[in-house]
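A.B. asks: Features from TrEMBL:
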- 12-37: transmembrane segment (TRANSMEM)
- 43-62: transmembrane segment (TRANSMEM)
- 83-107: transmembrane segment (TRANSMEM)
- 119-141: transmembrane segment (TRANSMEM)
- 153-174: transmembrane segment (TRANSMEM)
- 180-202: transmembrane segment (TRANSMEM)
- 322-350: transmembrane segment (TRANSMEM)
- 370-394: transmembrane segment (TRANSMEM)
- 406-423: transmembrane segment (TRANSMEM)
- 429-450: transmembrane segment (TRANSMEM)
- 462-484: transmembrane segment (TRANSMEM)
- 499-518: transmembrane segment (TRANSMEM)
Amino acid sequence: MGSREVLGQAARLASSGLLLQVLFRLITFVLNAFILRFLSKEIVGIVNVRLTLLYSTTIFLAREAFRRACLSGGAQQDWSQTFNLLWLTVPVGVFWSLLLGWVWLHLLEVPDPNVVPHYGTGVVVFGLSAVVELLGEPFWVLAQAQMFVKLKVIAESLSVILKSVLTAFFVLWLPHWGLYIFSLAQLLYTAVLVLCYVTYFTKLLGSSESTKQQTLPVSRITDLLPNITRSRAFVNWKEAKLTWSFFKQSFLKQILTEGERYVMTFLNVLNFGDQGVYDVVNNLGSLVARLIFQPIEESFYIFFAKVLERGKDATLQKQEDIAMAAVVLESLLKLALLTGLTITIFGFAYSQLALDIYGGAMLSSGSGPVLLRSYCLYVLLLAINGVTECFTFAAMSKEEVDRYNFTMLALSSSFLVLSYLLTRWCGSVGFILANCFNMGIRITQSLCFIHRYYERSPHRPLAGLYLSPALLGAFALSGGITGVSEVFLCCEQGWPARLAHVAVGAFCLGMTLGTAFLTETKLIRFVRTQLGVSRLADKTS
């Protein structure tokens, strides 16, 4: 498969992933607003912070490293050995589920059963659901490698919708069930997700007429199961060593990604109610980041991993592939920068209004608006980091990944200390400030790697981080106008004033986007090209 075909499929995967994330976040957005009116904020805090942390930590530690290593394989990849390696995620997941479950039950503060009933059951079921999800890992990796976009969209959409419907039904009719509600919904989500992938490949591999079946590296569903032969090793040891390198990195990355939840959970700097409020504001602040940046990062990591030869100098690779990777990286950096700046500038003036509409005075009063404004700045850094790291991790050699792990270790340690100190000093906003500090260091590390990587080539992808003076002026003017509008029109003047505030923001946003359209012609051309390739791929699939 040529680099242009890979780019087209990556763009198609990113756009579909974007639609999928929109669906997920809109459902979650509505569901949280619904739950806040029927359940206590203590239960919301336990579910969204404590139990979700148990599930996400188990899943991340058990599969993240395997995914990155197995999706980095080239054309000569032995898929039988890859599947054998992927099935090891299940015992690894069982180990982490048991260990973390014991910690959650015996070492952490247990909530009052009168306020949060059935906590023990919640811990057990959330740990079990993580193991169930790992049973579908070989199917998921094969689908990603073959870029089966519709499968991912249908499977995850169906799972999320069923989970949301079940949760809403039980919250409305059986609110006294407490954590039983969320435990059953979580287990249903993982079971349906795995069944969708298994059912799809069972039908696909059973149909000899399918054109997709002919391109797969397997011919029977049993080929995806563990296979032991004497003619070759059980796993590809190069992949296994790369997995171990990524595991050490993943362990540290998880601390950075979920660091504030670990601090809240293990150090008790916030009570369960405050944790619930923080999590709601955090989810609202990360809504756009997860809608846009996550699918782009996942999809274009696959593109860079397939186009670039890991650990090989840019001057020694195919120059056509290196040039295309540079163009894509520059355009992604520009897109991330523009999106992040837009969220930061307009988020400052509309945070209080968004919180008031979403959760009422409980969120819009107190530290809520300051917290969301801080998160808007963090989103800008998050956008740039997602793009730089997806390239860096795809191009690094195993030795470079190992060296990077030491940096991640230092970052993890400093983040935990800084989070604790800043939270003691300025409350929950300290979590965001600590995240900004560490994200800035991670961006610096990745930018240095990219600069060295392209230093001896004629390509300069880091030019994507430069904006025209006219566009910078448009952002500054929009920030000033919307800031003044918030002072005079929001949020105690009634709905006519609020609507006027929104109209001012819409005008400024239109002016800023128009300036970007006129000045960033290279980015506009790239986006149009990839949308065209994505549509063509949809028609031919």
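Placed from the backbone N, Cα and C atoms, the Cβ positions cover glycine too.
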A.B. asks: Among the recorded stretches 43-62, 83-107, 322-350, 429-450, which has the greatest number of Cβ pairs closer than 8 Å to the transmembrane segment (180-202)?
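C.D. replies: Of the candidates 43-62, 83-107, 322-350, 429-450, 43-62 scores highest.
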A.B. asks: Can at least 3 Cβ pairs under 8 A be found between the transmembrane segment (119-141) and the transmembrane segment (153-174), with each pair 6 or more apart in sequence?
C.D. replies: no
A.B. asks: Top stretch among 43-62, 83-107, 153-174, 322-350, 429-450 for CB pairs under 8 A with the transmembrane segment (499-518)?
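C.D. replies: Stretch with maximum Cβ contacts: 322-350.
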A.B. asks: Considering only Cβ pairs within less than 8 angstroms, which of the stretches 43-62, 153-174, 322-350, 462-484 has the most against the transmembrane segment (83-107)?
C.D. replies: 43-62
